Amino acid sequence: MSINCISNQIYARNITQNSHHLFIEIARLLISNKANPNAKTRNKEIPLHSACKYQNAPEIVELLIKHTENINSKNSTGETSLHYAVTRKYTETAELLVSHGADVNEFDNEGKTALHHAAHLNSAELVKLLISNGGDLNLKNKEEDTPLHIAVEKKYKEIAEILISHGADVNANNKDGRSALYFAINNNMINIAEQIILHSGDIKATDRDGKDYLHLATELGRNEIVEILVKHGADVNSTNKKLETALHIASEKDQKDIVTFLLTHGSNVNAKSIDGETALMVASKFENNEICDILLSHGADINAKDKNGRTALHIATKPRHNKIAKFLILHGADINSTNQNGETVLHLAADSNNTKIVELLISHGININATDKTGKTALHLATMNKFYDVFDYLITKGADLNIKDRKGMTPLSYALDYEFLKIAFELILHDADISYLSEAEKSNLLFVAIKKYVWML
């Protein structure tokens with residue numbers, strides 16, 4: 001084995017033991033016998049790497065520095081001796097390397113400087129050391145993260161404060177387009193978020209979906225950060241790519257306090273999204289009853305329509321959100337309003353077999369015989385879907401049995417077409433017009449009726 005191989009092993013091994021003085025003498029002896037302090041292993045490590053890798057032993061490091069040609073020599077993963085010292089939190093060794101000219105801004109193969117590593121390890125001492133010796137606060141790794149990104153994402157408050165106070169670029173974006181403020185909001189770091197804003201943080205910056213920081217804070221329910229953003233000038237009526245405001249988002253997420261705060265700070269209660277939806281429609285869609293109440297108390301238009309002509313009541317009725325539908329009806333929603341298909345909420349309730357809402361609507365005077373653009377009434381829909389309860393209720397409340405749709409079809413016509421004979425007989429028993437039926441159809445009905453009667457006997 002050559003003396004250089006022995007020397008590299010000695011430098012690696014001696015740092016794991018406490019006999020520093022002995023091994024310093026051995027190291028000196030090896031060097032005096034022409035062991036090469038710049039010899040490299042297969043991983044491109046020199047003895048200085050090894051000395052910084054295994055233990056905080058500044059005496060040996062100092063000896064090797066004097067005989068090392070390049071203090072910034074990198075191993076196969078791009079790490080310098082300073083990287084080693086920092087990643088192991090060997091502060092004395094790091095100080096020694098820096099004092100002898102180690103480049104604090106060297107990148108490893110992942111694009112990380114010593115400062116990236118120090119921030120990741122939550123070492124305030126090392127962060128301060130590196131900054132005071134020229135560490136660039138704004139260099140980015142391969143993920144385009146700065147040390148500040150790392151500190152805030154890891155929730156390291158002290159590290160973030162140090163970096164911000166020393167002038168870190170608070171608006172730098174990583175490859176995902178996220179700044180430190182994004183992570184502060186995401187992690188609910190209220191003080192850090194405000195510090196970033198006070199150091200010229202761009203509160204109006206948006207992500208790829210056009211979502212700004214007020215939208216983000218609202219979505220996550222960060223009440224205090226929402227207030228801070230608005231206090232520092234965030235636009236409460238700013239919109240994302242879907243033209244949704246923070247109020248739309250808060251209404252969807254059932255953020256009652258944020259909804260109230262936004263409304264008392266100038267949010268447009270009737271602002272519409274790209275689909276024409278207001279916050280009230282959104283709250284109705286997600287069954288957020290208290291949000292609906294708050295919005296109405298601040299002047300929300302209960303009869304506003306989206307691009308499909310739907311009101312909040314239409315939106316609540318279709319998926320059977322009965323509590324919301326009842327709330328809207330009791331607060332004066334126009335029950336006869338029609339969507340772009342000419343449907344009233346009675347059509348929707350009948351088409352979804354929602355007997356309770358059908359009953360409520362009729363009790364509030366809705367036009368029971370209103371027709372949609374195809375000429376169908378609620379009774380047509382109940383018949384076609386074979387919804388017996390809705391069908392029976394409509395008949396008992398006087399629904400017109402003989403209205404024809406645009407195809408010239410009455411409810412009885414559909415009942416016969418679909419062979420819903422129970423419904424057909426019920427319609428006939430309630431005096432549905434059968435004069436338009438052919439003789440064959442009448443005979444068929446009579447045959448079925450007799451057969452059923454005989455079977456019942």
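Just so you know, glycine gets a Cβ as well, placed from its N, Cα and C.
Feature annotations, reproduced from TrEMBL:
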REPEAT    43-76  repeat 'ANK'
REPEAT    77-109  repeat 'ANK'
REPEAT    110-142  repeat 'ANK'
REPEAT    143-175  repeat 'ANK'
REPEAT    176-208  repeat 'ANK'
REPEAT    209-241  repeat 'ANK'
REPEAT    242-274  repeat 'ANK'
REPEAT    275-307  repeat 'ANK'
REPEAT    308-340  repeat 'ANK'
REPEAT    341-373  repeat 'ANK'
REPEAT    374-406  repeat 'ANK'
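Residues 242, 245, 247-248, 250-252, 254, 256, 259-260, 263, 269, 313, 315-316, 319, 321, 323-324, 327-328, 331-334, 337, 339 of the same chain lie 6+ residues outside the repeat 'ANK' (275-307) yet bring a C-beta within less than 8 angstroms of a C-beta in it.
Sequence-distant contacts of the repeat 'ANK' (77-109) (same chain, six or more residues past either end, CB-CB distance under 8 Å): 43, 48-49, 51-53, 55-58, 61-62, 65, 71, 115, 117-118, 121, 123, 125-126, 129-130, 133-136, 139, 141. Long-range neighbours of the repeat 'ANK' (209-241) within the same chain, counting only residues 6 or more positions beyond its ends whose Cβ lies under 8 Å from a Cβ of the stretch, are 181-182, 184-186, 188, 190, 193-194, 197, 203, 247, 249-250, 253, 255, 257-258, 261-262, 265-268, 271, 273-274. For the repeat 'ANK' (308-340), residue counts in helix, strand and coil come to 15 helix, 0 strand, 18 coil, using DSSP. Averaged over the repeat 'ANK' (242-274), the predicted model reaches a pLDDT of 99. According to DSSP, the repeat 'ANK' (43-76) comprises 18 helix, 0 strand, 16 coil. According to DSSP, the secondary structure content of the repeat 'ANK' (242-274) in residues is 15 helix, 0 strand, 18 coil.
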